[in-house]
Amino acid sequence: MSSTATQPRYSLNRKVAVMGYPHVGKSSIVQRFTQNMFPDRYETTIEDQHTKHHTAFHRDFNLRVTDTAGQQEYTVFPRSCSLDVAGFLLVYAIDDRKSFDICSSIYEKIISVYGDPSIPIIIVGNKCDLGTQRVVQQEEGKELAKQCEAKFVEITARETNRVNEVFELLLREIEISRGNLRGPPQQQTKEQTSSDPNDPKNCVIS
């Protein structure tokens, strides 16, 4: 009688970076994903590194997440965003016009440093639970993503499932770009709405 040994699963190492203007909720997004917590007070981020073991697409990942310090003007690219970064979340807040306007400059800086316009990037409109304070419309975010040939999402860092979906979307784009997954993924828009503009259901992933 013969037996077949089960092949051990190995983890894929991937490094991603979260970038954006100050006070847009980058750290809240990272902490929600890596620690399943939402910070109850704001603390200025110098720069943090987080690690999470995550399973998606029948694969195990050791995901290193760099929470970069927000810059008023992205004249200096963060040193932590070395060439081994596989993908980016580019975050703005829907209640902060300046944070949205600077996204184009950050995107151009990323492409300039990496020299690869196809590097996976997700445009993330955060704080979609603050609907009554919105100054950046969803269509503007979608148009920016179209110009950058990137995916677009609106989320609130208060909702674990939404944040997890964003990181899985980025991982999927990374694996497709490396030929490890068939792509593109099925194009769809997940959108839920309610009559309350501050309801976190008023968010979109497309």
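Cβ atoms are placed via backbone N, Cα and C, with glycine included.
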Notebook entry, point to check: Pick from 42-50, 51-59: which stretch is listed in Swiss-Prot under motif 'Effector region'?
Noted result: 42-50
Item checked: Other CB atoms within 10 A, centred on Ala157 (GTP binding site) -> 27
Notebook entry, point to check: Taking each of the binding-site residues Ser27, Asn126 in turn and counting other Cβ atoms within 10 Å of its Cβ, which one has the fewest?
Noted result: Ser27
